[in-house]
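Data block below; observations after.
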Amino acid sequence: MQDFLLVLLSTALVNNVVLVKFLGLCPFMGVSRKTDAAIGMGLATTFVITVASAACWLVEALILEPLDLKFLRILSMILVIAAIVQFIETVMRKVTPDLHKALGIYLPLITTNCAVLGLPLMYIQGHLSLAMSTLSGFGASVGFTLVLVIFAGMRERLAQLSVPAAFAGTPIAFVSAGLLGLAFMGFAGLVHV
């Protein structure tokens with residue numbers, strides 16, 4: 001139990017996928033203008049990364065390794081992730097059409113999100129077990145969602161303030177992202193691996 005908690009803390013806070021590994025920067029900057037859209041994107045990404053971590057591990061262990069087809073690893077991962085994203089998009093279109101419309105092009109782009117592809121690949125290459133791979137994927141995606149929602153809140157607040165013209169828009173977003181990264185550096189000593 002303690003190992004699971006350490007994995008969750010280290011993947012969500014200490015080794016944050018956005019702020020430490022620099023994966024998932026496109027949705028981090030693109031979907032973080034509104035908190036509602038950030039929450040929806042974060043939840044969808046959490047589901048996709050968690051399921052993709054398990055599914056890609058299973059494809060690797062049950063198909064690619066026994067048949068010596070490791071050269072098809074990335075292609076097979078993209079296909080698995082695309083199927084999961086299509087499932088999420090279909091469910092979201094039926095259940096929450098407003099959120100589906102708010103996420104727009106970023107929802108199908110989850111397929112090509114480097115965090116969604118990179119994390120399962122890192123877990124497979126790190127020889128993690130199925131449980132640890134899935135748990136690490138869940139923790140990393142929770143960290144992604146946390147950072148995305150916090151950053152969206154910061155950007156909403158900044159939109160209400162009087163920002164100098166030279167810093168308006170993207171420059172102040174980059175400065176804010178840097179400050180958020182500095183804040184998360186405080187978690188660096190939390191987990192010693």
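Counting begins at 1 with the first residue displayed.
Yeah, the Cβs are placed from backbone N, Cα and C, and that goes for glycine too.
Swiss-Prot assigns ALA38 and ALA159 to topological domains bearing the same name, which places both on one side of the membrane. Segment contact holds for the transmembrane segment (4-24) and the transmembrane segment (171-191), given three or more CB pairs below 8 angstroms at sequence separation of 6 or more. Take the transmembrane segment (71-91) and the stretches 39-59, 134-154, 171-191: counting Cβ pairs under 8 Å, 39-59 has the most.
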